[in-house]
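> Sharing a structure with you now.
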Amino acid sequence: MRVVVISSFVSVSLQLSFLLLLASAIRSSSSPPNDPFLGISPQDEKYYKSSSEIKCKDGSKKFTKAQLNDDFCDCSDGTDEPGTSACPTGKFYCRNAGHSPVILFSSRVNDGICDCCDGSDEYDGHVSCQNTCWEAGKAARENLKKKIETYNQGLVIRRQEIEQAKVGLEKDAAELKKLKSEQKILKGLVDQLKDRKEQIEKVEEKERLQKEKEEKEKKEAELAAQQGKGDAEEKTDDSEKVEESSHDEGTPAVSQHDETTHHDEIGNYKDYPSDEEPAAEGEPTSILDEATHTNPADEHVVERKEESTSSEDSSSPTDESQNDGSAEKEESDEVKKVEDFVTEKKEELSKEELGRLVASRWTGEKSDKPTEADDIPKADDQENHEHTPITAHEADEDDGFVSDGDEDTSDDGKYSDHEPEDDSYEEEYRHDSSSSYKSDADDDVDFSETTSNPTWLEKIQKTVKNILLAVNLFQTTPVDKSEADRVRKEYDESSSKLNKIQSRISSLEKKLKQDFGPEKEFYSFHGRCFESKQGKYTYKVCAYKEATQEEGYSKTRLGEWDKFENSYQFMSYTNGEKCWNGPDRSLKVKLRCGLKNELMDVDEPSRCEYAAILSTPARCLEDKLKELQQKLEKLMNQDKPQNHDEL
């Protein structure tokens, strides 16, 4: 029994000894590095060397320099163990001289795998790592040299584009100023043409209404004349019966009536109501008969007047007798003109107007209501008209309107006493009517100094001025259709030109408000689109407008232009088409230095959120070029690293 206990005790002691030896071996394999600052980045060296007591970066506790890289984790964030694998959250910095530095998790230190090209992560000697940084860095240095060359060339292009942007902006500003000036002048001309067009349309409308009125009155007069003619025929039959009866009974006929009685009856016709017309025995019973049928008594009176006039002319050679004879002859002529006018206009005048007209020729009284007989021109009046200029006030009252009746009178030549107006009067009158429509724009333009090769605006000004002079709304003839059409055509063309100018002004104003960068380096982007074909899609990015994804004939809007972001490193497009059951589409375009504008690497890293890269000379910055040159210089000045055989 005692022997068994002793043997068990010996067995346990051997196991413990083995475990202690194993722990000692493990302890020696993870021994601290010879360099206490191994694994610390150059940026953090000052933090560790500033004092003898170091504070954990998370602020939890402090540790001494002796505790730094002692292979025991004192800080939960691994601040005290950057060069060992003691802390799971620690970071190890590979310097990789001659190549690019690398940061590793501390758990990969002394794990038997060479992670750093300089072999610094396997310092315990269990693995021999060759230093391959110089060879590996050779390709990186070549790429860096190419990148520097791209920046150099791109910087030259960028400077050129900046100069072109300055010129372009100045040109845009000058064009905007010129267009605004032209807009002001052209708007004045368009306003003048619009006023004249509206005036012409008013006159045309007035003429149209007057023509409709006259046609209506003419139809009413024709209807009344037809009705009156029927009444006259009935009354004529009655009158003939009365005359036959009077002849059979020996009663004197109408021809036996005294001239004075006939004068009194007709002269006092207007004293009777229209529905109580006097009807003398043996005379016509209507005024229409008086106007349309020749009265024997009237012929007798005219013949007697002519005979008395001729006898008085022969028997009285004195001046006074001659004057009396001339006056009677003129009176006879006037009577004849009235008779002729009545014959011509009998269908257009009402019964009442015919009655007044016939009565007035005997009594010498004028009707209270003016008739067309008042328009019969007199020789003396025509002579006075030829030598009496029309005043502006009279022209305004006339309003430039001429009825169709006046047109017929002048065209038919029935009253050819009118003579053509003096040409000098027409020119003087036309000049006066044009000056009333002169605007401020006319005062600003001197057409006498127009060059032999005038601009389009000067041509328009001259054309409008000629039109305004040619179209005279106060003339005594109806509106000339060809001139009216000319005004409308010029108004339409000038209005179209004005709209184009206003559209261009709006476009320029919007353009000049855009953000073209601190040095206007993105000015050349305005109005340009960049495309990239990737798979079945074609991506199109238009600066200051929109970005789209196209497939065949379908187009998806990825976003509208928003702004530049992160110091002009990105172009942002937002508020695109909504994704099904998702957000609105958007796009961010990363800008990088390149010798030409080229869109590439379009991707969708998140649902409906797109990303792309655009190379452009606009991003070849001088500060970035200096940074790259310094980096290359540092790499080239490094000595060729030695192999870590001693490790």
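Cβ coordinates come from backbone N, Cα and C, glycine included.
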> Out of 48-51, 552-555, 644-647, which range is noted as motif 'Prevents secretion from ER' by Swiss-Prot?
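Result: 644-647 is the stretch Swiss-Prot calls motif 'Prevents secretion from ER'.
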> Swiss-Prot annotation: C593 disulfide-bonded to which of C542, C608, C620?
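Matching partner in the record: C620.
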> Expressed to the nearest Å, what is the distance separating C529 (disulfide bond) and C593 (disulfide bond) at their Cα atoms?
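C529 (disulfide bond) to C593 (disulfide bond), Cα-Cα distance: 18 Å.
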> Given the disulfide-bonded residues C542, C593, C620, which one's Cα is the least distant from that of C608 (disulfide bond)?
C542
> Average the per-residue pLDDT over the domain 'MRH' (527-622) and send me the rounded value.
93
> Can you count the other CB atoms that lie within 10 A of the CB of C579 (disulfide bond)?
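By my count, 13.
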> Can you tell me how far the Cα of C593 (disulfide bond) sits from the Cα of C579 (disulfide bond), in Å?
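Cα-Cα, rounded: 32 Å.
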> Distance between C579 (disulfide bond) and C620 (disulfide bond) at the Cα atoms, whole Å?
36
> Please compare the disulfide-bonded residues C529, C542, C608 by how many other CB atoms fall within 10 Å of each one's CB, and tell me which has the fewest.
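Per-residue Cβ counts within 10 Å for the disulfide-bonded residues C529, C542, C608 bottom out at C529.
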> Quick check for the class: what is the C-alpha distance, in angstrom and rounded, between C620 (disulfide bond) and C542 (disulfide bond)?
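Cα of C620 (disulfide bond) to Cα of C542 (disulfide bond) measures 21 Å after rounding.
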